[in-house]
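Trainee: The [4Fe-4S] cluster binding site annotation in TrEMBL covers C65, C69, C72. The feature (3R)-3-methyl-D-ornithine binding site is assigned by TrEMBL to S140, S275. Feature annotation from TrEMBL assigns S-adenosyl-L-methionine binding site to E165, R185. As annotated by TrEMBL, domain 'Radical SAM core' applies to 51-273.
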Amino acid sequence: MGKNILLIDKLNSTKELTKEEFISLFSTFTDEDIEYARSIACKIRDKWYGKKIYLRGLIEISSICKNDCFYCGIRRSNSAAERYRLSKEDILECCATGYSLGYRTFVLQGGEDLYYNDDVLCDIISSIKKLYPDVAVTLSIGEKTYHQYKKYYDAGADRYLLRHETANEEHYYKLHPQSMSFTNRIECLYNLKKIGYQVGTGFMVESPYQTPETLAEDFIFLKELNPDMVGIGPYIVHHSTPFANEQSGTSRTTLFLLSLIRIMLPYVLLPATTSLGTIDNDGQIKGFLSGANVMMPNLSPVNVRKKYLLYDNKLCSGNEAAEFKSSLCKKLKTFGFEVLDSRGDVKKEPLHN
Ligand code: SAM
């Protein structure tokens, strides 16, 4: 048996590998290894979640950001970016549409826009929960203090997505300016866990300067943090960023890493991301066939969707749009999947069969 097949088996039985083993696997994987990991990952996903796909309605609340991440199209220094922000009323309207379409999780994501101070945010969160007590509210609005996260939690927020982006400090500063803090980003994730959020983290696949070594550190970090959700998707070039001349990531590597994450963290909520669907037309279906179980269709007002341009050619219509849920359901059904019509919380308890 090939060396990598043995490593995938070891990951499956012990749920960890050493850094050297991860590096070796990431440096030498073949199509056969991808297929092997994929088949194990699907069995694990089916055991924990069955063939149910968990949908989240994604509301992109603002394209205004105080940060200057080198890879991101809505970075502060991109003067060509179109900026918008949604009011509380706009957001509640998106929720009303989403609720009537059957969405029971709303993800409020945006740049770090200081307009949304704690009072504004808590008012939005508690209004959503008051109107729709059976929904989960997920926030993805970047780095805040412990006390701010606690306020939002007390106002009713259930989950928080904050990708660590990379677990290697040197790599972090190749992706972000020195004014941002690697230590703070990691601390935020532990604070969110301490408060009681269901926490999601993740990284871009094949981001500039990513190596088998930094990826190995990502996997070791994921194991250590033990998050409820892991969002990974290919890095995709945005033409007006400092990384305009870099290469985008591939669906091949993304799909392999999705399978490995499912094998290492069996219970985890694992989205087939929009970036995967952008780089590869069938990327999201392939994601589900590689162990993913979550999708986040776009529920933002149609007139702002093109303005939340994190990377070039971002999908914002077709099955990716929340309003096309029934055609999405039909498509998923042809691959044997069904859509879950409830909050879709993580299943972290050990399974007893
Ligand atoms: N501001 C919040 C934060 O920092 O977590 C949430 C919004 S941020 C734009 C959401 C995610 O988009 C980031 O965590 C990053 O991984 C991803 N992203 C940004 N630019 C990207 C690109 N060029 N290609 C792929 N993903 C990208």
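The backbone N, Cα and C atoms fix where each Cβ goes, glycine too.
All TrEMBL annotations are machine predictions without curation.
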Trainee: Which state, by DSSP, holds E165 (S-adenosyl-L-methionine binding site): helix, strand or coil?
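Mentor: In the DSSP reduction, E165 (S-adenosyl-L-methionine binding site) maps to strand.
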Trainee: Taking 10 A as the limit, how many CB atoms besides its own sit near the CB of R185 (S-adenosyl-L-methionine binding site)?
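Mentor: Around the Cβ of R185 (S-adenosyl-L-methionine binding site), 20 other Cβ atoms lie within 10 Å.
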Trainee: Sequence gap of 6 or more, Cβ distance under 8 Å: name the residues on the same chain that satisfy this around C69 ([4Fe-4S] cluster binding site), in order along the sequence.
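Mentor: Long-range Cβ contacts: R75, L175, H176, M180.
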Trainee: Listed binding-site residues: C72, R185, S275. Which have a CB under 6 angstroms from an atom of ligand 1?
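Mentor: Those binding-site residues that pass the cut-off, since their Cβ is under 6 Å from ligand 1, are C72, S275.
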Trainee: By a simple count of other Cβ atoms within 10 Å, which of S140, S275, the binding-site residues in the record, is least packed?
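Mentor: Least crowded of the binding-site residues S140, S275, by Cβ count within 10 Å, is S140.
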Trainee: Mean pLDDT for the domain 'Radical SAM core' (51-273), rounded to an integer?
Mentor: 98
Trainee: What is the number of other Cβ atoms found within 10 Å of the Cβ of E165 (S-adenosyl-L-methionine binding site)?
Mentor: 21
